[in-house]
Each structure stands twice: as structure tokens, then as C-alpha cells.
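Novice: Input: one structure, supplied below.
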Amino acid sequence: MAMDDYMDPEWPPGTVRLQTLLHNDVGGKETEIILQPRPTDNPNDPLNWPKYQKILNYFLASFYAMMVFTFVNATSPTWGPLADELGFSDDTLTNTYAIGCATLALGAPMLIPFALKYGSRPVYVFSSVAQFGISIWAAKTQTAGDWWAVNSIQCWLGALSEVLIQMTIADVFFVHQRGRMNNIYIWTANVGSNLAIVAAGFITVDQGWRWVWWWCAIFFGLQVIMFAFGFEETKFTGHKHETIEGRQGSIASIPDISRDGSSEKVDEKHGTSFPPRVESDEVRRRRSYDDEAARARKLSVIHVNESIPRKTYWQRMSLLTTTHGPWIQFLRHSWQPFLILGTIPGVTFVALVYAILTAYSTVMTTASSLYMIDPPYNFSASQIGLMSLAPFVGTTIGTIVAGPLSDYVALRLAKRNHGIYEPEMRFWVFLPFIPFQLAGSWWFAYSLAGGKSWVQVAFGYGMSNFGSAPIQAIALTYLIDAYGEIVGDSLTAVTFVRNLMSTIFVFAMPAWVDAVGVPNVFNTIGAIAATILSCAAIFLWKGKHFRVKTAKVYKHWAERQFEARPLG
């Protein structure tokens with residue numbers, strides 16, 4: 001992307017032509033979706049992959065994320081039997097959980113440089129092998145030191161999942177598909193966060209708490225095999241020489257029609273001009289519409305050069321896809337995310353949104369695990385697990401509603417905006433879910449503190465996730481669309497802030513609840529959340545202005561990335 005492109009106030013990074021308005025033969029109008037980012041004509045380009053291959057890769061990436069969230073969250077139903085057998089205190093359990101949150105924050109900045117250097121495939125494979133071993137260690141835990149080490153190392157490795165899956169979405173899917181893909185990711189993560197807890201509760205009761213981790217070892221072993229023989233590298237370097245179409249150029253790519261209706265043909269070889277042909281208005285109109293449609297549709301379909309050979313299966317399963325360059329250029333991605341976090345408002349906003357919602361979820365999970373084993377609930381491990389059905393149902397309904405709606409609204413608003421897409425358009429879907437998230441969290445807290453029916457506690461839990469899941473998905477999609485050339489560093493920053501806030505809240509929670517009570521803890525978190533989430537209205541109003549003002553900074557960070565694929 002040229003410097004002029006970055007600095008044009010009408011076309012800041014993230015603003016793209018997503019639709020072209022066409023005329024049909026009966027005087028009506030239709031639209032064509034312009035593929036953004038622009039794919040090459042190489043069949044090995046992930047954007048050009050067959051649909052089944054995209055689905056397979058995304059399924060595996062989502063499965064990886066699900067297993068990471070399963071390992072992190074399946075521990076809560078085991079706390080009672082674990083503490084009884086090994087003599088662990090409540091403080092030990094909450095502190096080891098908080099340590100896991102802390103290493104989740106540190107893992108991405110420390111490990112993502114390896115994915116940038118060697119590709120995501122080896123990172124997926126080797127981290128899966130390591131998590132297989134850690135699961136066995138967890139199943140054989142005997143001391144508090146074991147438990148601290150298991151939680152810290154597993155979460156340190158698991159931090160990769162949140163960044164890698166977003167890099168996969170950016171590599172494989174087009175802008176108009178990303179909203180749905182992120183909703184699928186959020187839903188899959190919640191399968192690990194919530195539904196796996198249900199299974200862990202029953203396993204703890206029927207087979208013992210150690211078997212929760214033996215089952216994790218079995219599934220991580222299966223994951224190693226699936227990634228070793230099924231996951232193809234999504235890093236693609238062939239786009240760096242292509243000419244990108246579809247920004248300002250897409251306007252010029254639709255032929256200008258002369259006002260007097262004449263056209264002059266030029267022999268490009270000899271520079272010879274021929275007199276204009278005399279055409280009827282109807283013929284001229286139809287020809288111009290046909291030219292317009294042909295050029296627009298060229299930007300709306302994938303064109304593959306059949307002369308370029310498709311890689312063989314074993315070539316696609318190559319373990320390393322190395323990017324050349326000194327290691328210092330890759331290691332800077334350990335600190336660069338924090339500089340981006342402080343200089344680009346959109347990244348800061350998404351980080352805070354994701355952080356407060358994750359902290360909310362973590363605190364609710366911890367609260368239900370700690371307080372519902374006591375009177376008046378006296379829940380068993382399996383009943384604690386069943387409480388996680390409520391947020392899972394809420395997440396499922398939220399993603400079913402918001403996934404297609406987010407992409408639909410983006411396309412509709414782009415059409416109304418003469419085909420121009422602004423990433424902030426997705427925030428129109430973001431805003432209506434805020435009241436559900438806040439109301440559900442407060443309902444959960446006051447019901448739990450007042451000893452109300454577990455049905456009321458579960459209802460609040462589910463309502464909160466019905467609101468938070470779409471908000472998280474939309475925020476992540478906005479980040480990819482608006483700052484696609486720095487997506488790796490941006491998501492590393494988001495992951496760090498997300499887990500840092502969770503760590504603070506979980507560490508502070510027992511003393512905080514003792515001092516002010518559960519309702520006031522949630523009142524404080526709710527006030528922080530309401531302030532952060534309401535800033536979406538500011539981005540609807542001034543988001544494009546922020547992107548224009550930070551375009552020079554964005555260019556600075558984009559030039560320090562490796563093989564980023566810009567939006568056209």
C-alpha cells in the first residue's frame with residue numbers, strides 16, 4: 001500500500017470498496033461483492049483454497065482453541081474433590097487459577113515471534129504435543145507445586161490460541177465472511193469454557209477428578225495427530241508482488257462514460273486515433289453497462305491461474321514455512337504490541353472490550369465454583385458443571401443471531417454508502433447487545449448473593465453471555481478489518497490486556513467479596529464495563545477520524561510486519 005493510500009482522508013486503512021452497484025437489463029439494480037483482501041491467481045493462496053479445505057483448517061484451529069479453553073476452565077468442578085484429597089486451600093485454588101490467567105497474558109508476546117518466523121503450523125503441532133504432556137502431569141498431580149506448574153505452563157502455551165485463530169481468519173477468509181467466522185470462534189471457545197465444565201463435573205463424580213485430565217490427554221493426543229496430518233500452513237508470501245485493486249482504483253476501474261455519448265478508439269501499438277463510431281443511445285447504454293458489470297464481476301470472483309501447479313499433499317504438510325530475516329526482526333514482536341496498544345485508539349478500545357468481558361466471565365465462573373458448593377445451594381461437582389449450560393445456551397443464541405446479522409448489516413450499510421465499507425459499521429450490531437450483558441451480570445450477582453433459586457442465577461448467567469459473545473466477536477472482526485496489516489501484534493496486545501485484567505480480578509476477588517459483598521463487586525465491574533462498552537458510540541461517530549489521524553502511525557507499524565496482506 002503506497003503512502004498516499006495511507007494518508008488519503010477518504011480512504012484510510014480499513015476503508016474499502018466492498019460492493020459495486022450494477023444495472024441490469026430491465027432497468028433495475030444489483031450489487032456485486034468485491035473480494036477483500038484481493039486474492040492472487042495462485043491456487044496455493046489460502047484465499048483461493050477450495051471450500052472444504054478452508055472448513056477443515058478452520059475446524060482444526062477452532063478445535064485447538066476449544067481444547068485450550070477446556071483445559072483452563074475444566075478445573076472448576078474439580079476444586080472440591082481436589083482440595084479434599086490433596087489438602088489445598090481455597091486461596092491455593094484461586095491463586096493457581098490467577099497464575100494461569102497471568103501466564104495467558106505473557107504467552108502470546110513470547111511465542112508469537114516463532115509463528116511469524118516459522119509459520120503457525122509448527123507452533124500448533126509442538127504446542128499440542130506439549131499440552132498432551134502437561135495433561136498427563138495434571139492427572140498425576142500430588143503437590144501444590146505441581147498444580148502451580150501445570151496451570152502456569154499450560155496457560156502460557158494456550159495463549160497462542162487466541163492470536164493464531166485470528167491470524168487464520170485473516171489469512172483464509174474475506175472481509176464479508178469474517179463476522180460469521182469470529183462468531184463461530186467465540187461459540188467454539190465457549191464450548192471449551194462452559195460445555196466442557198459440564199462434562200468435567202460428571203467425570204469428577206463418576207470417575208474421579210484425575211480422569212478430567214486423562215480425558216484431556218486423550219483429546220490432546222488426537223489433536224496432535226489431526227494437526228500433524230491435516231492442518232496446512234496459512235502463511236502465504238506470493239501476494240507481496242500483486243497489484244491491489246478495489247480501493248480508489250475500483251472506482252476508476254468502472255469505465256467512465258462520456259457525457260456526449262461518444263468514444264474514441266486508440267490503437268495502442270501505433271498511437272493512431274480513429275474517429276468515434278456513431279451508436280444509438282440504447283446500444284451505448286447497454287455496452288457501458290456490460291463493461292461495468294464485467295469489470296465489477298472481475299473483482300467479485302476468484303480467478304485461478306491453472307498453469308500454476310497445486311502443491312502436493314506432502315508439500316502442504318511441510319512442517320516449517322520459514323520467513324528469512326535476522327531474529328531481532330521477529331523478537332521485536334514481543335514488545336511491539338505494547339507500543340501499538342498505546343498509539344492506536346482502535347486497538348486500545350478492542351483490548352479493553354475483550355478484557356472487561358473476559359474478566360466478567362472469569363469472575364462469574366469463579367464465584368459459582370466457590371459459593372454454590374456452600375448453603376443454600378450445596379451443589380456437587382456435577383451440579384457446578386451443569387451451571388455452565390446456561391452461559392453456553394446464551395452464547396449459542398447470541399452467535400446464531402449476531403453472526404449472520406453482523407455481515408448482513410455490514411453489506412447493507414456498505415451498499416447505502418455507495419459500496420464503501422467502513423469497519424465501524426459493525427458497531428450498529430454491537431450496541432443492542434450491551435444491555436443484555438450488563439443486566440445479566442447484575443441479575444447473576446444479586447441472585448447469588450441473595451440465595452435466590454439456582455434458576456435465577458443461571459438465567460442471569462445465560463443472559464450475560466447472550467450479550468457478551470456477539471460483542472466480543474464484533475470487536476475482533478473490527479480489529480481485523482480496520483488494522484489487518486498489523487493483526488498479529490494487535491491481537492497479542494488484546495490477549496495481554498484481556499488476561500491481565502482477569503488476573504487482577506481473580507487475585508482480588510476473595511478479599512474483595514469479603515470486604516464489600518458479591519453485589520458490590522459486580523456493581524464496580526459493571527460500571528467499568530458500561531463505560532468501556534459505551535465507547536462504541538464514539539467509534540461510530542469518530543472511528544474513521546481516528547483511523548485517518550493514526551494512518552501515519554499505522555503505516556509505521558505495518559512496515560515492520562512480515563508479509564501482511566493489505567486490504568485493497
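Glycine residues also receive a Cβ, built from the backbone N, Cα and C atoms like all the rest.
Quick paste of what TrEMBL says about this protein:
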TRANSMEM  55-76  transmembrane segment
TRANSMEM  96-116  transmembrane segment
TRANSMEM  123-139  transmembrane segment
TRANSMEM  151-175  transmembrane segment
TRANSMEM  184-205  transmembrane segment
TRANSMEM  211-231  transmembrane segment
REGION    253-277  region 'Disordered'
COMPBIAS  257-271  compositional bias 'Basic and acidic residues'
TRANSMEM  338-363  transmembrane segment
TRANSMEM  383-406  transmembrane segment
TRANSMEM  427-446  transmembrane segment
TRANSMEM  491-509  transmembrane segment
TRANSMEM  521-541  transmembrane segment
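Neighbours and distances for these, please.
Specialist: Using a Cβ-Cβ cut-off under 8 Å and counting only residues 6 or more beyond its ends in the same chain, the transmembrane segment (184-205) has close neighbours at 58, 62-63, 65-78, 81, 165-166, 169, 211-212, 215, 361, 365, 380-389, 391-392, 395-396, 399, 403, 465, 469-470, 472-473, 476.
If one looks beyond the transmembrane segment (338-363) by at least 6 residues along the same chain, the residues whose Cβ comes under 8 Å of a Cβ in the stretch are 101, 109, 193, 391, 437, 441, 464-465, 468, 471-472, 475-476, 478-479, 482-483, 486, 489-490, 493-494, 496-502, 504-506, 509, 521-522, 525, 528-529, 532-533, 535-536, 539, 543, 546-547, 550, 553-554, 557.
With a cut-off of 8 Å between Cβ atoms, the residues of this chain six or more beyond the transmembrane segment (383-406) that come close are 76-77, 179-180, 183-184, 186-187, 190-191, 193-195, 197-202, 204, 361, 364-365, 368-369, 372-373, 377, 426, 429, 433, 440, 454, 457-459, 461-470, 473-474, 477.
Note on the transmembrane segment (521-541): residues 346, 349, 352-353, 356-357, 359-360, 363, 424, 427-428, 430-431, 434, 437-438, 441-442, 444-446, 471, 505, 509, 512-513 of its chain, located 6 or more positions outside it, place their CB under 8 angstroms from a CB of the stretch.
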Novice: The transmembrane segment (211-231) vs the transmembrane segment (96-116): three or more C-beta pairs under 8 Å (separation of 6 or more)?
Specialist: no
Novice: Using a Cβ cut-off under 8 Å, which residues of the same chain at least 6 positions beyond either end of the transmembrane segment (55-76) come close to it?
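Specialist: Contacts of the transmembrane segment (55-76) (Cβ under 8 Å, skipping residues fewer than 6 from its ends): 46, 49, 97, 100, 104, 124, 128, 131, 134-135, 151, 154-155, 157-158, 160-162, 164-165, 168-169, 172-173, 181, 184-185, 188-194, 196-197, 199-200, 212, 216, 219-220, 223, 226-227, 230-232, 234, 365-366, 368-369, 384.
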Novice: Six or more residues beyond either end and a Cβ under 8 Å away: which residues meet both conditions relative to the transmembrane segment (96-116)?
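Specialist: Apart from its flanks, the transmembrane segment (96-116) reaches 72, 75, 122-123, 127, 144, 147-148, 151-160, 162-164, 167, 323, 330-331, 333-335, 337-338, 362, 366, 488, 491-492, 495-500, 502-503, 506-507, 562.
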